[in-house]
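Student: This is the structure, below, for whatever I ask next.
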């Protein structure tokens, strides 16, 4: 088999188009990866394998492991096949499948066996660790389907060995005894012999077993028919790991979430505490309308991966009419609230987010009234009264003085809502010329920011107006902006802009903001792992309630989503990754 890579070597990097958009293997650094090939779409054994991979998907995710499929079929063939699977089984394939029509990746990894077929790949499995090292290679004949629980078991064994410097015996499963590595020196040998009768079970000095007490959170029923609800939340760093805890809010449970406008296929529920569907619309007659119910149901189905995931529906959005009329009278307010409650019950939602942009103003071309500010409070009062105290109720808004003075009675709405989703981005959305060449989501002010605009200023404005810090969720853009003229998703930035085509990465230490320059001019404001890490630490240090993104589909590889999650739940690991990627000079 040509070009066969070797165990223990760096996995060959590649770029590819997939059913979930473009990816690079290097994007998955920090995660385990199972790269597997299948002979062809619309074939019986491959279909059973994909269904089984999907069934165990949550178990892979629990182990920080991503699945990537591959065949020499086209992307359109992949999509048609996956949709056909969904139509017949109701099961969606949650991982990307690579289009390798030119057989470039197949040959790079030795997936083509000309003795069996020179036009399709064999059933191969490559397990790649977080450092992108090949740790396991498996090959199966075309006629024989893979045992997916065995692949999970191998990952368990590799992770246990790496974490605890032990070996795993034949037929090992998590929770069973593991083997100590053989002694390397005569001194170690004597110590091993002395300890054999104390806390180790030894057949001889070279074969000593100890209990595996570390794998309880990884146990899998390897004969199960469905383990979709067995996934745990990621382990959280503790003070014992030298993670700073703010003494003013030591018990605050911070949330990580995202808005989703459009196709939610790439959303990783394992990284999130909540997702917000955008948007439910208000029809001219005042009734509520879900324009894409299929996408909302896809978000709801993510609870199979993460049973604790909260699914919220946002009503409104920029330019959405109907709020001023809905809030105008007691009858209209309670009519709106009853419809929102019916929506919650119809879709089994965890709550509602109100995205009125903005009460008392007509900047988006919407109808407004001078009394909108007070009516907004009354609308939220009616909503809370009807949906009850247990349901999520949030507001999306800004922290500018104009918003606080004209749009919202912050101190009065605070007791009514669970969260204030601070849209701390798009600072330059209405700017052109030199004013457009400024940061759009800077944490602090600098010469490269608009005067009076920063995340920190908005947070403090809200707190001073009466919003408790723990109810404020900080918004982060998953896209780049150059004033009102240009926006690019983070996926586009990675592909064509960041240190490519004449664009160069820069970091404004004063503003704590990343940006691009081209021809010595400010060319794009955006957030990346570095700026998001700094923002998550601001969330912790200032007792904010959490962080969210606008929005997940702009980051299909979940690079920024993982940065948000790690920044809140595992900051020491993210800091190490940033130091490796950017160096330590940018970190305080």
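Just so you know, glycine gets a Cβ as well, placed from its N, Cα and C.
So TrEMBL lists the following for this protein:
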DOMAIN    5-160  domain 'Thioredoxin'
ACT_SITE  46  active site, cysteine sulfenic acid (-SOH) intermediate
BINDING   123  substrate binding site
DISULFID  202-208  disulfide bond
REGION    221-244  region 'Disordered'
COMPBIAS  223-244  compositional bias 'Polar residues'
DOMAIN    250-571  domain 'GH18'
Student: List every residue in the same chain as the residue listed as 'substrate binding site', at least 6 positions away in sequence, whose Cβ is under 8 Å from its Cβ.
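Tutor: Counting only residues 6 or more apart in sequence, the Cβ neighbours of the residue listed as 'substrate binding site' under 8 Å are 36, 37, 38, 39, 49, 139, 140, 141, 142, 144, 145, 146.
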Student: In whole Å, how far is residue 46 (active site, cysteine sulfenic acid (-SOH) intermediate) from residue 208 (disulfide bond) when you measure between their Cα atoms?
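Tutor: Checking the Cα atoms of residue 208 (disulfide bond) and residue 46 (active site, cysteine sulfenic acid (-SOH) intermediate) gives a distance of 41 Å.
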Student: So if I draw a 10 Å sphere around the Cβ of residue 46 (active site, cysteine sulfenic acid (-SOH) intermediate), how many other Cβ atoms end up inside it?
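Tutor: Excluding its own Cβ, residue 46 (active site, cysteine sulfenic acid (-SOH) intermediate) sees 20 Cβ atoms within 10 Å.
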Student: What is the Cβ neighbour count of residue 208 (disulfide bond) at a 10 Å cut-off, with all protein chains included?
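Tutor: Cβ-Cβ neighbours of residue 208 (disulfide bond) within 10 Å number 22.
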Student: If I take every residue in the domain 'GH18' (250-571) and average their pLDDT values, what number comes out?
Tutor: 96
